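Here the structure is laid out as structure tokens; the discussion comes afterwards.
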Amino acid sequence: MCRPALARLLLLQLLLLKLYLGKGAMKECDKDQFQCRNERCIPAVWACDEDNDCSDNSDEADCPKKTCAETDFACDNGHCIPDRWKCDGEEECSDGSDESEAACTKQVCPAEKISCGDLSNKCIPSSWRCDGQKDCESGIDEAGCAPACSPDEFQCSNKTCISINFVCDGYNNCGDGSDEKKCSPLTCSPNEFQCNNSVCIPQLWVCDNQADCEDHSDESIERCGYDAKAFNTCAAHEFQCGNGECILLNWKCDGDEDCKDKSDEQDCPLVTCRPDEFQCGDGTCIHGAKQCDKVHDCPDNSDEAGCVQESACESPSKFQCKSGECIDGGKVCDLHRDCRDWSDEPLKECGINECSLNNGGCSHICKDLKIGYECECPPGYKLLDKKTCGDIDECENPDACSQICINYKGDYKCECYEGYEMDTLSKNCKAVGKSPYLIFTNRHEVRKIDLVKRDYSRIIPMLKNVVALDVEVATNRIYWCDLFYRKIYSAYIDKASDTAEQVILIDSQLNSPEGVAIDWVHKNIYWTDSGNKTISVATADGSRRRTVFNSDLSEPRAIAVDPTRRFMYWSDWGDKAKIEKAGLNGVGRQVLVSDNIEWPNGITLDLLNQRLYWVDSKLHSLSCIDFNGSNREVLISSIDDLSHPFGLAVFEDRVFWTDLENEAIFSANRLSGLDISVLAENLNNPHDIVVFHELKQPKAPDSCELSPQPNGGCEYLCLPAPHISPRSPKFTCACPDNMWLGPDMKKCYKELPTTPATVEVPTTTTSHPAATSTVTVTGSANTTTAVIPRAVSEATTAIPSSHSTTSLLIDSEMTTGNSNLSQHYSNNGQGFDSTVTAAVIGIVIPVVVIGLLCMGGYLIWRNWKRKNTKSMNFDNPVYRKTTEEEDEDEIHIGRTAQIGHVYPARVALSLEDDGLP
């Protein structure tokens, strides 16, 4: 009787155990996931979103009624979207209710916008009217527009407008030659020189070491009495071109024409490539692995010519046999063996629809195949584990949107920053307000091109050799460097053509200024000098200046600043080409790019998207990185469009560059590098280029004016410190070259002050762990970095401070040469005064000596006492038997009066055993 009952009980226990184990083996989802009844895991945010993501609808069961916020629009299916997405021309509601006629009643456009017509609910900025770009679907914004050219302009046959001064000047400024048609024979004025080809140039340009006539007659030896090329002296590591240019010596006979006259590739021996290399059609050598890799590495694209594409069984209409063959998909399960191993005719799989059972385990779409099945996902989703679909975060692609990318389930949304609006046709963000225009150098003049109307005019004429420029939009000023005069100038743009309005800012200690940048927030100007191998800074009026860097620079060229984050960036095309970054006060210098870079010329900053762009004249490329040097990308690699790029600028979704070899200005999409177009041709050594628009220079607080004291309390220069963290210092004080900051870190002295600063001893101090302060010594020969201890207490000296987070900068003249000494302190740290240091040492040393003497006396006494102590152990068997679980007791009898004093079981006479040194 008991055995059957026991058996049934045992069987019941086994069943319960099986159920328990089955339950325990149930798949567990992560904390940020929702577990469906069918054990599927989905993101927790997908629950109760009106979508059946579990496929059993368990994620939509027992959901509370959803109420959209006041700033949201409620879709008819219950979804909530931002109200600004309603009636924007794109359906964000899955049911399209946000773009329905009921929701989109006729909009009333505000005063600063115009309507796209009765059949459209779209409003566009008034500045987009008659800008040459169709922004309304109907094109009504470009209808009935008057001719674009003003009375002082000439309209070319291609409808572009140029300054009337460019007509019949011997140059094809229109691009189609219409400005040089029907021109009477040129007659040069008394202040002009006539070239042998009858072209007139200013007399000022004759014998200036730069050929302006196509036949070089203005620089001939007969006229000038000397060979202009003899005046250019190249360094030992450089090669002098036939026209006097200097290039790196290792660029000679490398297969790439770097000299403008191509003399670096003349009389070169026949190039022989190594066995592991491929020789291009032009003779250059590339690594053999780069041949037929679907990337054009040779300048003539010969590395990709004649390549045989490997056959792959990747087409949906193909089937890959397990034995390796690739057969037509229609031959699968047709009762005929087409694969050697019969893998196209599996008996147990042909004719079976796996999707009929639980949707094949697919979370969304199950596609039955002749053999097996596969899971698919709707648009905006991707397979996570071959069965489960997950949302695609399109915003992970930095090129997904022009500016702002917002990812949501199954799709994404692009938006624009303040000051920009989305063009619904191109999906690009366009600037609102005045038309942007390009300003660029053209050797003897500065010109501008309106990017909307394509107006083309001259700003500054009659210059010698302008190579660098920048603008300050708020004040409408332009700054430029003239390489011939070795000076930096400034003027108001609308008055710059008048030489009387041109102000000389810097006219001394300049050798070869090739880059200039304006800090429009803190009103400073920065420039590079490849001759002096320095980077310098001055106030915008040029009254106060100093050298920021004078070491580890070879050929510094372009420079750009970011006053909002308080950093500067520059390119150096010397022996070790690189792009560097540092704070506007010279702190935190670091290399961003040092590999795969040869001849970096122009650089430019996209402040909105935090990207740095640069062109490489040796690699014929246009590349970009983020502000930390990461996410590097080559946008364009073309020897035709980037023959010798120099200047660079970026705005909206376009990047612009000048090219010395093509003598033109190009433009391309800054995200993809596609849509390359020519904006201006037939130029004369175009170098630098900038975009003039108010959105290019956003407003930001002046760090030096946040202090209660003017100029941050600095006697000379107040330089903004880089913004690294919320606790970063705001600025540092700086002195002119060969002068020192005083103890107060604000005043400047010709010699290091010897009079100590007043010291206030605080009544109480708060102890902190010792810190360190870095001292960087930058000299003409080398760079030394030392570490000095920082004050231990929080307050030791009374040094006036203009701001609680102000970093202090000490500049000094080293006795060994013109070197700069800069000591940077933390936010709340104070500098050591020499008197305070001496006082601290005078107190600490005696205390340490007395402490050591006391410790030595104590150790001698303890050692003597232990030597005069004897131990005896008594073993009582009876006592031990009754206390066998207790530890063994020891009784110590000493010669001293301290009878019965208990010592540790182990008596050590060695000082090392006591843990003492």
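Glycine residues also receive a Cβ, built from the backbone N, Cα and C atoms like all the rest.
The stretch that Swiss-Prot tags with region 'Clustered O-linked oligosaccharides', taken from the ranges 94-153, 754-813, is 754-813. Here the candidates are Cys36, Cys68, Cys75, and Swiss-Prot names Cys36 as the disulfide partner of Cys54. In sequence order, Asp59, Glu60, Cys63, Pro64, Lys66 are the residues of the chain that are 6 or more apart from Cys48 (disulfide bond) and have a CB within less than 8 Å of its CB. Considering other CB atoms within 10 Å as the measure, the emptiest surroundings among the disulfide-bonded residues Cys54, Cys80 are those of Cys80. Cys54 (disulfide bond) falls within neither a helix nor a strand when secondary structure is assigned with DSSP, and so counts as coil.
In this structure the alpha carbons, written CA, of Cys116 (disulfide bond) and Cys87 (disulfide bond) are 14 Å apart.
In the three-state DSSP classification, Cys80 (disulfide bond) falls within a strand.
Here the domain 'EGF-like 2' (391-430) returns a mean pLDDT of 85 for the predicted model. Cys307 (disulfide bond) has a Cβ environment of 11 other Cβ atoms inside 10 Å. Cβ neighbour count for Cys389 (disulfide bond): 22 (other Cβ atoms within 10 Å of its Cβ, all protein chains included). Summarising the environment of Cys36 (disulfide bond), the number of other Cβ atoms within 10 Å of its Cβ, over all protein chains shown, is 20.
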